[in-house]
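The next block holds one structure in the form of structure tokens; read it before the comments.
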Amino acid sequence: MYATQRSSPASALPASRATVTPPPLPTTRHFDQEVPMSQDLGHLSRRGLLFGGAAIGAGTLLTACTSNEKGDDGSGDSQTVAGNSNSEPSKPVKIGFSVPAGDHGWILAVTTNGKAQAAKFSEVTFVPVESGGNDPAVQRAAVESLIQQKVDAIVFLPHEGDKLEPTALKAMEAGIPIINLDREFTNPFAYRTLIKGDNYGMGVAAGNFIAAELKKAGKTAPVIAEIGGIDFLPLTKDRSRGFKDALARNGLKVNHQVWADFTVAKGQSVTANLLQSAPKIDAIWNHDDDQGLGALAAMKQANRSEFILVGGAGSRNAMDTIKKGDTPLKATVTYSPTMASSAVAIARLVAQGRGMGDLAELQVPKTIVLASETVTKENVEAYLPLGFAS
Amino acid sequence: MTEIIPERETAAAPVDKKPDVGPATGDGGLSAGDQRGSGGWWRGGAGESVRRNSALVVVLLALVVFAAYRRPDVYLDPDRAISNIMTILTQASAVGVLAIGMTFVIIGGGIDLSVGSLVGLASVWCTTVATQEFGMVGILFTAIVVGTLAGVVNGLLIAYGRMVAFIATLAMMVAARGLAAQISNKTTQVVSVSGINSLAETDILGIPLLVLVFAAVVAIAWVVLNRTTFGRRTVAVGGNLEAARLAGINVKRQTLLLYALSGLCCGIAAIILVSLSNAGASTHGEFYELDAIAAAIIGGTSLAGGRGTVVGTLLGVLVFAMITNLFILLNLQIEVQNIVKGAIIIGAVLVQQFRIGGLRKRRGVPASG
């Protein structure tokens, strides 16, 4: 139903066809918040009873209210690679998979993509390890358990590259190839293959798109604003630098800069203030589609739409909004969690000692950097299946 | 008149913490009636809060003047000035409501570290697919009930489970955030019910509805704290728990109710955030507990309990919202903003220390008492 053919410059995987499996339906989670309406309130007996009854009734209703099951909605889909010459089954392999726990839809999409990709290969045993909390020590222990189990390859998205590098080196020394996903280890001995997104490239893509649009509209000396993520993160700095460089090539610059910490509430808050600061804006680049939901809400509340808004990451929601075209959001630049699908596919090939389909080399390349693609109303259809639930 | 003020100070806030001092009991538990009876209570009460928070008013005015000097285009154009002030107030409303609940809890001698997480939990719970099927009423009801019940759990653990408030609410902070992430599956739940986002887009006589909600919460809180037995009991319990108990106040029930009240405020704040961002997320309300506590503290609420005002907290909230707005107006880095916020907290507390120290000296109460 969802099968789509697309050329995939992003994944740098040759002639890949993206097939989309229907989402694994989330099971209904039940939570009983049984509040002991205790005897300590006994002397209020009748009032207490009423209150208790109301609380139990409310509790029952609330339990029902935690359900998040959706009918036909496609959000939460996973994207996988299939259908090239590499898809022939080979020797059975066990692939370990470790990503940090995160509270962001992107990390969740990474996990579901990795899992769905592994399920595509009959000879792959997928061994995901839980990394509860944002604690590097927990992830270290988890990856060490994978080394103990002697898996054939490990897909490793480290919480912090520096702190987990020794663990990756240990695995490599034990003969287990590490497929380093997204957050790069500085020591090249710590991984067999690195596959990552291009934060600088995201900024460049957004800057180029905005420069072209402003040129098209004939704007001279436009006011440009930027809504970043967490200001001190290297990835945020890279995105900002790319954006600045791309604008500078077109003789433009950023006039207003705010940070929204990748959260939807902060996105609303800083955007509301930003719109007060600048009575007229021509273009805004927002680094992250999740915080972009808040940014769009703030724009609607302030009744402002004189600018074009460009998003970042490529969430399903942003793509739907671009497709509808009734908001200032005109484009988003991708930082696709599909890289996890590719990482699992690469881990399999590395473990089996095979090269990549259409490449001449007999082994998988050392580094793959995904291109950041610009999704607009014109091409959004092709990208919709790749959008992740933010 | 000026001589009466210090008397009011004690009436509202028994500075004495020794359990064996009798008069404190009377002050805290029984003075609501005579307070009302004594003529000029209104001027006395209002004057007291203004005096106590005069430092904060000066800071707020200084911020406004500085902002007007640096961004005359925003502040000297009436339309833009009003629009900007309404934005500041709207942005202040969620943390503001939490800070009001926090003020009650802290005056009552406790602390609630879980408020930020409870906002996240309530926002997620009230925006699940199942809840949204009940429409706007379902969302509002769920947010309020989830917040309040979680507050009741806090209260039960602290009052009847005899847990230290810091520990109990710290545990709730971690657990509620975890549960919120679990329910939402770490995704942002967009609201498709149209009524919710219109809450944030509705103005009444030029004032955003959310600001009016915040104002109503502040007004009700002021009345409850200053004009009801509930308020007097809160002050009494926080001022001297043992004395309050001996005076016949059900201190456990009072403590339970205070945390339930804070939870209720979390539910209201969750609704405000959901309507503003048009979504529920487990990240909603991150670090709001710190902002709420900071606002209450710089507003003159004593962490030792027994002392604090609604107006002071309101000023504290406004100062922080003003700083956030100002830094975006000036296009400054976040680091500087945090440094300034920290400096203001320290400055405000120091000023209050000296004022209270001076007061004690004037009244002959040893500063160590």
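Cβ coordinates are placed from backbone N, Cα and C, and glycine is handled just like the others.
Feature list (source: TrEMBL):
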- B:1-39: region 'Disordered' (REGION)
- B:1-20: compositional bias 'Basic and acidic residues' (COMPBIAS)
- B:25-39: compositional bias 'Gly residues' (COMPBIAS)
- B:53-69: transmembrane segment (TRANSMEM)
- B:81-106: transmembrane segment (TRANSMEM)
- B:113-130: transmembrane segment (TRANSMEM)
- B:136-157: transmembrane segment (TRANSMEM)
- B:164-184: transmembrane segment (TRANSMEM)
- B:204-225: transmembrane segment (TRANSMEM)
- B:256-275: transmembrane segment (TRANSMEM)
- B:311-330: transmembrane segment (TRANSMEM)
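Highest Cβ contact count with the transmembrane segment (B:164-184) among the listed stretches B:81-106, B:113-130, B:204-225 falls to B:113-130 (criterion: pairs under 8 Å). Note: the stretches the transmembrane segment (B:113-130) and the transmembrane segment (B:311-330) are not in contact (fewer than 3 CB pairs below 8 A, sequence gap of 6 or more). Non-local neighbours of the transmembrane segment (B:311-330) in the same chain are 49-50, 52-53, 56-57, 59-60, 63-64, 66-67, 70-71, 74, 84, 87-89, 91-92, 95-96, 99-100, 102-103, 218, 222, 291, 294-301, 336-337, 340-341, 344, 348; each lies 6+ residues outside the stretch with a CB under 8 Å from one of its CB atoms.
Against the transmembrane segment (B:256-275), the recorded stretches B:53-69, B:81-106, B:204-225 differ in Cβ pairs under 8 Å, and the greatest number is found for B:81-106.
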